[in-house]
Amino acid sequence: MNYFILLVVVCLLTAGTEGKKDGYPVEYDNCAYICWNYDNAYCDKLCKDKKADSGYCYWVHILCYCYGLPDSEPTKTNGKCKSGKK
C-alpha cells in the first residue's frame with residue numbers, strides 16, 4: 001500500500017514535465033549555427049527562439065551553444081554536416 005501511494009506521488013510530480021538539454025542546435029541538415037564575429041546576442045536570440053533558456057557563441061568552434069533546449073529540438077550529433085542537401 002505504501003509503495004502504491006509513493007508511485008502515485010511520483011507520477012503526479014513528474015506529470016507534464018519536459019526534459020531539457022544543452023547542446024549545439026542544428027538545422028535540418030545536421031549543420032550547427034555559425035556565429036561569425038562571436039555574436040553572443042545572435043546566439044542567445046536564436047536559442048530563445050528555439051525555446052531554450054539562453055545561449056552564447058562558443059568561440060572555440062564559432063558555433064551557437066544553447067542551455068535548456070527542449071528534448072524535441074535536434075542538436076549536433078557525430079554525423080557529418082550535409083550542407084546544401086534537403
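Glycine is no exception: its Cβ is also placed from the backbone N, Cα and C atoms.
In Swiss-Prot, the cysteine linked to C64 by a disulfide bond, out of C11, C31, C43, is C43. Per Swiss-Prot, C35 makes its disulfide bond with C57 among C31, C47, C57.
C81 is paired in Swiss-Prot with C31, the candidate among C31, C47 named as its disulfide partner. In the three-state DSSP scheme, C31 (disulfide bond) falls into the coil class. Secondary structure from DSSP puts C57 (disulfide bond) in a beta strand. In this structure, the disulfide-bonded residues C31, C66 were compared by how many other Cβ atoms lie within 10 Å of their Cβ, and the smallest count belongs to C31. Minimal Cβ crowding within 10 Å, among the disulfide-bonded residues C35, C64, C81, is found at C81.
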